[in-house]
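This report refers to the structure that appears directly beneath it.
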């Protein structure tokens, strides 16, 4: 793949946020693509010019086979039969990030991982702003990559999903990290091996690899040109002090953890990762430390909603897989009060068994949603409720002053909610009503 070539025929498959941004980008470069979506009424349809050929409700294989390059939205699996047929016929299948890589002139920091990537991406963006750098932040979070392109940008910070990495071959990041790996999206992958392989491509041709020493599966399988490490348990370039009181660079204390708004050791790991990426990107470390102190975190990610009735109510609705929930449980463990967990939703075919040991360290668990019985199968003591409101009410009755009630579902929200944000907002509204 290279820059757009007027003599080639292009198509865009999928009209999510990235698909619409691809269409806008092509039109800006005077390329009229074929546009298609499997949905009858995809969002954003009205924003497309009438001059475009648009097919909804199916992927028109005959017309797509006449194209040279098809830009595939990350929401559509490459295993889709129509896309498989295109690949066999020699049609190029790329994603919006692949196109972005051919036009981006500033250095790119690429961040992926099963959990924590949005926090690290947004935090690194704040660090760069604090350091006086004209930074553009987006990708899988917020603004699609192609919409970020500008000659004024001095640094791009991109969150990338495994789906986006599958359709990207030309990424040459200034710094790249695979923060961690835990089972997720098993409805899209043949197994963990395929999922890890997709994530690992973030390191290809990166100048710096930022490596999590606490997670063996996330470490580069190919020796990087340069590397920096981080850990909350081991000796690393960026690490947590043994008493967990300081973030360290080698033997130098950088920042006291009690100066941070983010809670939990998993969030300390996120900050250490961001600091390592900042060093690799050449940012001023003092400015980055100030940004870390100021950073309040993202909504729905171990977000302290309020302390009411002496209880801390924490919204971690973004925990849509087992690894994210384990990170929250481990990060919040060890406090004086007890921990009460609300879980459940659509497990996406994932294995929940890793949660069993963690459940023995919490005061109680209540599950709701499509796969609630799968939680009960792990531990017969788990309460089952019909919905989030009933689960919340049960926790309110159980929890005492000094305790924590944590919504960290370990499941997707789509069985009952439009997305994890709506689920998290419902939890926040229940807290506010106390």
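For all residues, glycine too, the Cβ spot is worked out from N, Cα and C.
Per TrEMBL, these features apply:
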type    : residues                          : note
BINDING : 113, 114, 115, 116, 117, 118, 119 : ATP binding site
DOMAIN  : 111-278                           : domain 'Mur ligase central'
DOMAIN  : 300-411                           : domain 'Mur ligase C-terminal'
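The most densely surrounded of the binding-site residues 115, 118, judged by C-beta neighbours within 10 angstroms, is 115.
The Cβ of residue 117 (ATP binding site) has 111, 140, 141, 159, 160, 179 as same-chain neighbours under 8 Å, each 6 or more residues away in sequence.
Neighbouring residues of the recorded ATP site, listed in sequence order and excluding 113, 114, 115, 116, 117, 118, 119, comprise 111, 120, 179, 180, 270, 324 (Cβ within 8 Å of the Cβ centroid). For residue 113 (ATP binding site), the same-chain residues 6+ apart in sequence whose C-beta sits under 8 angstroms from its C-beta are 120, 177, 178, 179, 180, 181, 199, 218.
Classification of residue 118 (ATP binding site) by DSSP places it within a helix.
Over the domain 'Mur ligase C-terminal' (300-411) the predicted model carries a mean pLDDT of 94. Taking a C-beta cut-off of under 8 Å and a sequence gap of six or more, residue 116 (ATP binding site) has these contacts in its own chain: 179, 180, 266, 269, 270, 273, 327. The helix, strand and coil residue counts that DSSP assigns across the domain 'Mur ligase C-terminal' (300-411) are 34 helix, 29 strand, 49 coil. Within the same chain, the residues at least 6 positions away from residue 119 (ATP binding site) whose Cβ sits under 8 Å from its Cβ are 262, 267, 270, 297, 298, 301, listed in sequence order. DSSP assigns residue 113 (ATP binding site) to coil, not to a helix or a strand.
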